[in-house]
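S.K.: According to TrEMBL, the record shows the following:
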BINDING   36, 38, 63, 85, 111, 141  S-adenosyl-L-methionine binding site
DOMAIN    43-234  domain 'Ribosomal RNA adenine methylase transferase N-terminal'
REGION    329-348  region 'Disordered'
COMPBIAS  334-348  compositional bias 'Polar residues'
């Protein structure tokens, strides 16, 4: 972790404050984009310090907005800073920062969800996956509406070792709603244990660094915000394809208040559901009466491995979609069986 004294290695020339930038360019946070500005540079410095030593690093900042965190990243004396900003209103203010730090900033007006990061950094920065992480970092104060789909997309990239992880085990320091951060880091048996817990922790070391109170943001959100640091693991805890792991985990947590076997059931067609579910639970050596939040990472690993074996034996199994079967049955004449199916669908 970088020490505070090193934040001053590079000094920006005198610039308008973030508040003045907001007034100068008449910037207003848009509620529909879940935008919230962080104006306190002590807090933006603290966020950046969670990324570790950034001197001479290459950094991608996601959604820099008016540029508060951007200034803190530049003050850490980075080699290059890539800014990906979707909202065109912020570009003039970011260009002002770019002019104040000649040669350090590259601005991309685009959506981080679709932006291709495979060529975002120099090739010489690439490291083997087994080596230490490359000198590349992703940092961002994420809009709430983007944070979950974006981290799922990046976790899939970690699994496939592509996107920003084509360079190696690229580290990420990102903000989330406090509740989402608690899900990302929840332990076995924890109330917040969820799909996000398993998908993130089986691929990364996930650290909940600190909480920022909502009143520190403008406008003030109704929730607090947490800073989370991700470092991809050399070996995932579940060595199966991302899509297979996600299907198992999603199915299990579909019925988080019921026994875990209830979620496992929807992996299989109705005609062989009970038999296949019993087979999977026995092969995986998982107690079917455990609740989803009680399942450990080793439980999920066993379930994924057993399900993979069943899919290898019956290739059509992985393509099975429980909801599609329900939709097809919904088209049939109403009868007792159909009524039971509708009741089951409503539980989802």
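Heads up, the Cβ atoms here are built off N, Cα and C, so glycines get one too.
Worth saying up front: this structure is predicted, and the values here are computed from it rather than measured.
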S.K.: Taking only the residues the record lists as binding S-adenosyl-L-methionine, namely 36, 38, 63, 85, 111, 141, what is the largest Cα to Cα distance between any two of them, in Å to the nearest whole number?
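M.R.: Among the residues the record ties to S-adenosyl-L-methionine, max Cα distance equals 21 Å.
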S.K.: If you count other Cβ atoms within 10 Å of each one's Cβ, which of the binding-site residues 85, 111 has the most?
M.R.: 85
S.K.: Could you tell me the mean pLDDT over the domain 'Ribosomal RNA adenine methylase transferase N-terminal' (43-234), as a whole number?
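M.R.: Reported value for the domain 'Ribosomal RNA adenine methylase transferase N-terminal' (43-234) is a mean pLDDT of 96.
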S.K.: Do any residues at least six apart in sequence from residue 63 (S-adenosyl-L-methionine binding site), in the same chain, have a Cβ closer than 8 Å to its Cβ, and if so which, in order?
M.R.: 84, 85, 86, 87, 112, 140, 141, 142, 143, 146
S.K.: Could you check the binding-site residues 36, 141 and say which one's CB has the fewest neighbouring CB atoms inside 10 Å?
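M.R.: Sparsest of the binding-site residues 36, 141 by Cβ contacts within 10 Å: 36.
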S.K.: If one looks at the chain holding residue 38 (S-adenosyl-L-methionine binding site), which residues at least 6 apart in sequence have a CB under 8 angstroms from its CB?
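M.R.: Correct list: 44, 68, 69, 141, 212, 216, 217, 218.
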